[in-house]
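Colleague: In case it's useful when we look at the structure, here is the feature table from Swiss-Prot:
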SIGNAL    1-33  signal peptide
DOMAIN    92-392  domain 'AB hydrolase-1'
ACT_SITE  S186  active site, nucleophile
DISULFID  C260-C269  disulfide bond
Amino acid sequence: MSEILSRVWTVSHRVEIWLLILVAYLLQRNVNSGHLPTKAADPEAFMNVSEIIKHKGYPSEEYEVATEDGYILSVNRIPRGQTRLKKEGSRPVVLLQHGLLGDASNWISNLPNNSLGFILADAGFDVWMGNSRGNTWSRKHKTLSIDQDEFWAFSYDEMARFDLPAVINFILQKTGQKKVYYVGYSQGTTMGFIAFSTMPELAHKIKMYFALAPIATVKYARSPGTKFLLLPDMMIKVLFGRQEFLYQTRFFRQLFIYLCGQMILDQICSNIILLLGGFNTNNMNMSRANVYVAHTPAGTSVQNILHWSQAVNSGELRAFDWGSETKNQEKCNQPTPIRYKVRDMMVPTAMWTGGQDWLSNPDDVKTLLSEVTNLIYHKNIPEWAHVDFIWGLDAPQRVYNEIIHLMKQEPNLPQGTCRVKL
């Protein structure tokens, strides 16, 4: 066994070395050629979330929110839009939650008329954007250091159980409102399905749940990334350790910004961005590519990746399996992982799905649709893949305007299960 692990370790290092050699070759080739067209790096590639918001001419606020288990999360806010710069009293509150390896910048990476965060602010909403524990902006804890394994002992279980309640309660306390609209994307929807089905008191604080590229199960996911997740847990730990996964170091951030600034590498850059979720290249603004790669991947824990590995293998929405009945009993009060029941969620829910989405696969979506008790609206966009929901050029026309319409229609919707037409 030790010999096998040693070989895997050697292979992984060889892959890294060859990758660096390839990157160095591309860099040297581009620099020496001189005549290759180069795009100037967008200044937003070097900004944090608050700086991007201000750069676009919007008011920006940033807060730190402490969770019950000690993590300190960064939360960004756009309190009003460009057309409403004066304070005019309270506005309906919206919380946007990014997906796996994402951050709050995912909602503001495009131009203001193409980014959901800015569109909602201009439509009269008070916009808040979360950052899950372990990503670029949420790497603090009251007692733990990021150098400790204990800091990274979390998955989307804890994000649903601790992060969402902490952020939602903070927002309600800060704004004086009683309920929020929740918009989740990818893993952000997984957090919502778990939190709102297991914590009724939290679910009562949600006016309406908008699920973009929803993921409850990944039984039929066909992304190349899910093939990697079929590896045994031990193999994943050997390859990536026990702490953080795909945290973007300053070196690689600068490297990706440079590479995606080379016009000749546009196709390669777009392929890398789209590789995990499916291809719909013509629907992306590639002039923003260096902004995308400067902030994503934003990192998570290896344990979170292990949890997704377990989800791929089980085909179910379950709590993290800690590897022994004793540890599961300690963490979950039962010897086997809890199986979450989406049917227990009563929040009015609207969903948008993509026919070419490799992660939120249509077959998994079909199962999910049958389990959402209070589904008020569903729209499938046949040619859309995974990232279209946050970066697609036609996202405002095909999804965002419908979200705003439902939000403004919400006070007049009948209580209980209903269907709406747009």
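Cβ atoms here come from the backbone N, Cα and C positions, even for glycine.
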Colleague: Just the number: how many Å between the Cα atoms of C260 (disulfide bond) and S186 (active site, nucleophile)?
Modeller: 24
Colleague: Any idea what the model's mean pLDDT is for the domain 'AB hydrolase-1' (92-392)?
Modeller: 92
Colleague: Sequence gap of 6 or more, C-beta under 8 Å: which same-chain residues meet both conditions with respect to C269 (disulfide bond)?
Modeller: L259, C260, M286, A289, V293
Colleague: Who sits close to S186 (active site, nucleophile): which same-chain residues at least 6 apart have their Cβ under 8 Å from its Cβ?
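Modeller: Counting only residues 6 or more apart in sequence, the Cβ neighbours of S186 (active site, nucleophile) under 8 Å are H98, G99, L100, G102, L212, A213, I215, L359, S360, H386, F389.
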Colleague: Looking only at Cβ atoms, how many others are within 10 Å of the one on C260 (disulfide bond)?
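Modeller: The answer is 27.
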